[in-house]
Structure formats: C-alpha cells, structure tokens
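What Swiss-Prot lists as disulfide bond is 32-97, and the listing cites sequence analysis. As annotated by Swiss-Prot, domain 'Ig-like C2-type' applies to 9-109. Taken from Swiss-Prot, the feature N-linked glycosylation site applies to 31, 58, 73, 85, 101, supported by sequence analysis. Residues annotated as phosphoserine in Swiss-Prot: 382. Per Swiss-Prot, the feature topological domain 'Extracellular' maps to 1-118; the stated evidence is sequence analysis. Marked as topological domain 'Cytoplasmic' by Swiss-Prot: 140-409. Residues or ranges marked as transmembrane segment in Swiss-Prot (evidence: sequence analysis): 119-139.
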C-alpha cells in the first residue's frame, strides 16, 4: 500500500515553474494547487513552502491558507496560498511548493526595475512633432489654402452694377501718392487684375464732396483706406473717427485699413485703437518693409479681403470675321468697276452689312460671270500689307466693323 500512497501528485497550479516581477511594496499571493491520490490508509496530504531552500511557516510576514477537496476515485485536491508583502529586497527569491516532498513547482520572484517610460516618452515626442508640423504647415500654407478656396468656391461678385473692385482713399502727401501709384496700384491692377478707383484720378466733375463720395463708394465693391501718419493727422480722424467708421460700415462691406509698422509705437493713435477693438467688422492689414515682395503675406491677405477674380478665356476669332475666312473686312477695298463689283461679291458675301445679302434689283442687268477670279493686285493695286491677318486678335472688336473704300485709302 505504500506504493499506492507514493504516487506523484499532479500540479494544477502552477502547471510549470513561473517567474514573476512584482514591484517593491506590493502584496503577493502565490497559489499552489495539486491533485493527489489518496486512500484511507494514506497520510493526510500537505503542501510545504520553501524560500531559497528554507522552509516557511505562518508568521508575521508570511501567511498560509490551506484547503482540501475530496473527489471520487480516491483522489483529493489540496490547495495552499502563500500571502506576503514585498517590503524589502530580501523578500525576493525562489518560492517552492512541494506535495508530500515528492513533487514540487516553484515561483521565482525577481525585482522589477523602474517602470519603463521609453515608449510613452517616444509617443509623446512623436505627437509633439506632428503637432509642430501641423502648426508650421498652418502658418506657412494657411493663406495659400484660403486663396485656393476663394478662387475655386468663393462668391463671384459680378453683375452687381459695380464698376470698380476697390475704392482707394489716401492723403495727398507725396509719400502716400508714391505708395499708392508705384506699389499698391501696379500690384493690384497689373499683376492681379483688379480695377481700382483712386481718389485723385476718377472723381466726377462738378460734384459735391458728400454726394461724390456716396456715388464713388456705390460704384466700388470694397473700400481701401491707407492710414498713413498724414492721413491720421486729418481733423476728422482725431475728433470724429468713431462716427466716420460707423458711417463707412453702413456704406461699404467690411472696409480695409492699411496701417504701417512705425505706427505701433506708443502712444497709439485713438483711431488705430478703435480699429483694433472692431477687428470683427473691418480688415486691418499691417505694411512691413518686407511686404513689398509680391509673394508676401500682405498681398495674400489683401487679396482675400478683395472680391474673387474670375479669369475668362479669350474667344478665338471674331464672329464678324468667321464668314470672311478670318480676313479683316476693314481692309477690304471696294472697287467701282464691274470687275470690282464682282470682286466685292466674291470677297464679301454680305456687302450690305448686317441686313443680309442684297438680291437683284428689278430692271438691273445681271452681273456677268467671269471665268477667272480677279485678284486685288491685278485691277486695283493696294499698298496694304495683309500678310499678318491670320495672326491678328479680333477679340476686342466685337461691336461693329466698317468697310474701307478705295477713296479712303
């Protein structure tokens, strides 16, 4: 019977040796459960704990809880739980549980180092780099993206009865005239295709100042005010600028004010302070020494504040010259002879203009037919050079045309 009682237990937990790395100061519970073969004549099964080869028992530092469950077929399950706190480095080691001193499994506790924050630090740095790149792209490409959106999906302000894109108001000082005529106007009109109304150029004759201002503003889609030092020295800028600003907001849509970098010094002009307080109602732009570059942010912000420009593709050919085989009817010489009349009917199928082809007149002899075509150089010599007619652009002349006679030549 002794051989029956010496059968090797089967460990259910742990199924194999384990290595654990709990942190210092944590509580540890090691569970050792085994299935043993038992007979009435066999001794009571038990589980023994050892630490680094030394036996452990219940004490102030270690606590043991042992349970038994009897099953069929003369088998029994025994479980022992070792509970303790890792308070010092000596508490780490190899803990072995054995059943009947026949079979054993072990728990190896090793001290885990400080929590690894490398992955968290790398992830944080990656997120920070991504945010910096997004912020950099926003700063560098924000205006370009807004311009693309305006040119693609922006509101087209056409057929509104306006003749100009912007009304430019500035003082009559020489430096302001130079800024408007040599910097602002060339950049907006020539490079970007806007049409400006300058205060000293297209004024209505013999008009009252107040009525003239109302008429001019009604003809323009935007208002640009060059707030130079000379402009700010005007009496109304210091005394009644608030009333004037309220009036402008009623007359025009979101006026544009151009300020200069030298005006940022203290004390700030009351008009500039008022404009900064109402940024949500006006467009306030700052001119810097580097703004003269065509690709600077100043021009992009100004273009965003101005109406969207629509580019039209030029029409190829003039409807009035398509019937003439792309020949300019203004250069066709009309003759007086019969041959000239025949030449006229051949070169111009519509000699009476837009009224249609003239039919035969009652009583008029029919026009003789000629076997050979008469060229211009045979009957009536012309000194005009018509070799470049095919390369001319007729898109600008779409309203009317006239025929040039030989006498006019």
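Using N, Cα and C of the backbone, Cβ positions are placed for all residues, glycine too.
Not one residue of the same chain 6+ positions outside the transmembrane segment (119-139) places its C-beta atom under 8 angstroms from a C-beta of that stretch.
Summed and averaged per residue, pLDDT over the domain 'Ig-like C2-type' (9-109) gives 78.
A C-beta separation below 8 Å, combined with a sequence spacing of at least six in one chain, links residue 32 (disulfide bond) to 11, 13, 14, 47, 49, 79, 80, 81, 82, 97, 105. Residues in the domain 'Ig-like C2-type' (9-109) partition by DSSP class (helix H, G, I; strand E, B; coil) as 3 helix, 60 strand, 38 coil. Taking CA atoms as the reference points, residue 31 (N-linked glycosylation site) and residue 85 (N-linked glycosylation site) are 15 Å apart.
Non-local neighbourhood of residue 85 (N-linked glycosylation site): 25, 26, 27, 28, 61, 91, each in the same chain, at least six residues away, with C-beta under 8 Å from its C-beta.
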